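So the structure is just underneath, and the comments pick up after that.
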Amino acid sequence: MVRTRVLFCLFISFFATVQSSATLISTSCISQAALYQFGCSSKSKSCYCKNINWLGSVTACAYENSKSNKTLDSALMKLASQCSSIKVYTLEDMKNIYLNASNYLRAPEKSDKKTVVSQPLMANETAYHYYYEENYGIHLNLMRSQWCAWGLVFFWVAVLTAATILNILKRVFGKNIMANSVKKSLIYPSVYKDYNERTFYLWKRLPFNFTTRGKGLVVLIFVILTILSLSFGHNIKLPHPYDRPRWRRSMAFVSRRADLMAIALFPVVYLFGIRNNPFIPITGLSFSTFNFYHKWSAYVCFMLAVVHSIVMTASGVKRGVFQSLVRKFYFRWGIVATILMSIIIFQSEKVFRNRGYEIFLLIHKAMNIMFIIAMYYHCHTLGWMGWIWSMAGILCFDRFCRIVRIIMNGGLKTATLSTTDDSNVIKISVKKPKFFKYQVGAFAYMYFLSPKSAWFYSFQSHPFTVLSERHRDPNNPDQLTMYVKANKGITRVLLSKVLSAPNHTVDCKIFLEGPYGVTVPHIAKLKRNLVGVAAGLGVAAIYPHFVECLRLPSTDQLQHKFYWIVNDLSHLKWFENELQWLKEKSCEVSVIYTGSSVEDTNSDESTKGFDDKEESEITVECLNKRPDLKELVRSEIKLSELENNNITFYSCGPATFNDDFRNAVVQGIDSSLKIDVELEEESFTW
């Protein structure tokens, strides 16, 4: 196998070398032949391709300067390709042209530059080698540009490889090689204060979104790599036969490199932004992390496209040929593609998404399809079409996988929606599809189909965390359960329908697309204390992690705690069974009530179910304010250290809660700790 790979690599290298040499030979032969008068104007390709003396001269040049038969054949076919739009020449045709010309070849003379040549000429070796050296410089720059373009792609390959290794070490072998000091200073803290999911407003007007230092460092290295790749290796010897001023050649090189680097990022941008990203399961990185990298790859790609466009425009204006460039088909489509990209980037900002997500989604999808079409027409005469087809392929792959998931889940299904009088939480139950494989952290998208709702609601899909599985819920053994908090849009419409229905229960037709979020299964034995801290509906995301971990071996020797922070005790009604299950698994469960008062009927009814069961009693602590998360984290770390057990915190809740809890964990990690502290954060913010 190793020998086969080596031979394959050698073949590819040899083939690339042959093709590069053939391109240089054919281009240089054409350039030196252009010094002489063959009775054709400089722009009349049809005249040259039908002129037997010109064809004989360039084929003779290729024969004289090719060092191998393979290089010769490739060079002859490169020459033939120059005439493919006028007349199709086969390799045999080109060889016959040379054989005929070899009977009449003569050395070129000075008069041949002004007087029409009547027979084929031998190559002007001085001119040929001059053009070869200059063309080699252009070719070398092109190769460097391709290396730089691939370098950006392989940067992300390296990032994903590192994430995959860490994920497998952790979940399969139970090894966490990340030191506490690295987590405290790099992985967990935000770039700016404790802002991560929340939006920071400068002067209360300008919105800024910050990420963690770890993800920020990855993006910073990516940006620096891009700048460095764009900045080196643009020099060329002067005088140059095509662009004599240095500025013109330098601008051409910068434009070409920016162009190739931007195009190489197209598949990265599209792959990181789709739902069916194949790297999510193996790397363990969340959809929100890939979405962050998707945005920054798009930003960098856009800036490279802007550099390419500005340089091309400035060069055209300075040379006085801008008007003629605008009349060219590929140039106009390049302008269209740049405009489309700028619109996509601008309207994708969080401030616009939050104001009207439906409008954002419609524009984003339409513009992406239009962008692919624009890039096709921009590049189909220039080359590099593989990158363009990759975008279309990734987009089609994602749509195909979505349709397949819906079909595998049974197509049109009926979901039961229910709630209580005083709750804005909707419980969605749907029969578990045969091929739906549940795994902790899994979520699914739902399309709600209703002729009475706005038409665009049926085209929207909303992600919900899947809570239950077949062998966990004895009351609904074949049901998938999801909890949804009604905010605005379709969820608010659904809540209104449920509340107005008898018994607050209604059936709804849906398409179920999933599961997503499935990753490498947790195989290693559990040797850590687990502390889950959820706020509000975040309990639905944290609970499945405890279900998975509490079923693993060696849990009896460890201490696990589950905190649920609520501002409405009526929430306990719809999550009572799950909390009782945790108690049965020897997990300490505490409900922290942050509301202003519990002296009401609803509150009494909410807690009554827990007080009746003495053996499975759940603590309800009424703080009437937000808990001190820093103190909670410090106390749990201290207890784990006394037991000499590593500890993992699971957290999920609103953006403010997640940021506060993340900051609390950062503050709680101390360099003197002898145990490993880890944070697993689930987020509703993408």
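Sequential numbering from 1, following the chain as shown.
Every residue gets a Cβ built from N, Cα and C, even glycine.
Per Swiss-Prot, N-linked glycosylation site is recorded for Asn69 (among others). Sequence-distant contacts of Asn69 (N-linked glycosylation site), defined by Cβ-Cβ distance under 8 angstroms and a gap of at least six in the same chain, do not exist.
If you look up Swiss-Prot, you'll see Asn100 (among others) marked as N-linked glycosylation site. Taking a C-beta cut-off of under 8 Å and a sequence gap of six or more, Asn100 (N-linked glycosylation site) has these contacts in its own chain: Ile52, Gly56.
Swiss-Prot lists Asn124 (among others) with the feature N-linked glycosylation site. Cβ environment of Asn124 (N-linked glycosylation site): Gln32, Leu35, Pro108 lie under 8 Å away, each six or more residues apart in the same chain.
Proximity of distant same-chain residues to the transmembrane segment (149-169), defined by a Cβ-Cβ separation under 8 Å and at least 6 residues beyond the stretch ends, is recorded for 175-178, 218, 221-222, 225-226, 229, 257, 260-261, 263-265, 267-268, 279, 282-285, 293, 297, 300, 519-520. As annotated by Swiss-Prot, transmembrane segment applies to 149-169 (among others), with the evidence given as sequence analysis.
Residues annotated as topological domain 'Cytoplasmic' in Swiss-Prot, with sequence analysis given as evidence: 170-215 (among others).
If you look up Swiss-Prot, you'll see 216-236 (among others) marked as transmembrane segment.
Under the heading domain 'Ferric oxidoreductase', Swiss-Prot lists 258-398. Secondary structure by DSSP for the domain 'Ferric oxidoreductase' (258-398): 121 helix, 0 strand, 20 coil.
Taken from Swiss-Prot, the feature transmembrane segment covers 260-280 (among others).
Counting residues 6+ beyond its ends, the topological domain 'Cytoplasmic' (281-296) has Cβ neighbours under 8 Å at 156, 160, 163-164, 166-167, 170-171, 211, 215, 218-219, 222-223, 269, 272-273, 275, 348, 516-520, 683, 685-686 in the same chain. Per Swiss-Prot, the feature topological domain 'Cytoplasmic' maps to 281-296 (among others); the stated evidence is sequence analysis.
The heme 1 binding site annotation in Swiss-Prot covers His294, His364 and is backed by experimental evidence. The local packing around His294 (heme 1 binding site), expressed as other Cβ atoms within 10 Å of its Cβ over all shown chains, amounts to 20.
The transmembrane segment annotation in Swiss-Prot covers 297-317 (among others) and is backed by sequence analysis. Cβ atoms under 8 Å from those of the transmembrane segment (297-317) belong to residues 152, 156, 222-223, 226, 230, 248, 251-252, 254-255, 258-259, 261-262, 265-266, 268-269, 272-273, 325, 331, 334-335, 337-338, 341-342, 344-345, 348 of the same chain, restricted to positions at least 6 beyond its ends.
Among the features that Swiss-Prot reports, heme 2 binding site is placed at His308, His378, with the record citing experimental evidence. Long-range Cβ proximity for His308 (heme 2 binding site), meaning a same-chain Cβ under 8 A and a gap of 6 or more residues, is found for Ser255, Ala258, Asp259, Ala262.
The transmembrane segment feature in Swiss-Prot is assigned to 329-349 (among others); the stated evidence is sequence analysis.
Per Swiss-Prot, the feature topological domain 'Cytoplasmic' maps to 350-358 (among others).
What Swiss-Prot records for 359-378 (among others) is transmembrane segment, and it gives sequence analysis as the kind of evidence.
Look at Swiss-Prot and you will find 384-401 (among others) tagged as transmembrane segment. Under 8 Å from some Cβ of the transmembrane segment (384-401) lie the Cβ atoms of residues 260, 263-264, 266-267, 270-271, 274-276, 368-369, 372, 375-376, all in the same chain and six or more residues away from its ends.
A simple way to gauge crowding: the CB of His378 (heme 2 binding site) has 23 other CB atoms within 10 angstroms, across all the protein chains here. Under 8 Å from some Cβ of the transmembrane segment (329-349) lie the Cβ atoms of residues 207, 295, 298-299, 301-302, 305-306, 309, 312, 360, 363-364, 367-368, 370-371, 374-375, 377-379, 381-382, all in the same chain and six or more residues away from its ends. Sequence-distant neighbours of Gly514 (NADP(+) binding site): residues of the same chain at least 6 apart with a C-beta under 8 Å from its C-beta are Arg405, Asn409, Phe436, Ala442, Phe443, Ala444, Tyr445, Val466. All protein chains considered, the CB of Gly517 (NADP(+) binding site) has 21 other CB atoms within 10 Å.
His294 (heme 1 binding site) is 22 Å away from Pro515 (NADP(+) binding site) when you measure Cα to Cα.
Comparing C-alpha positions, Gly653 (NADP(+) binding site) sits nearest to His294 among the binding-site residues His294, His364, His378. Distance noted between the C-alpha atoms of His378 (heme 2 binding site) and Tyr516 (NADP(+) binding site) is 36 Å. A distance of 18 Å separates the Cα atom of His294 (heme 1 binding site) from that of Tyr516 (NADP(+) binding site).
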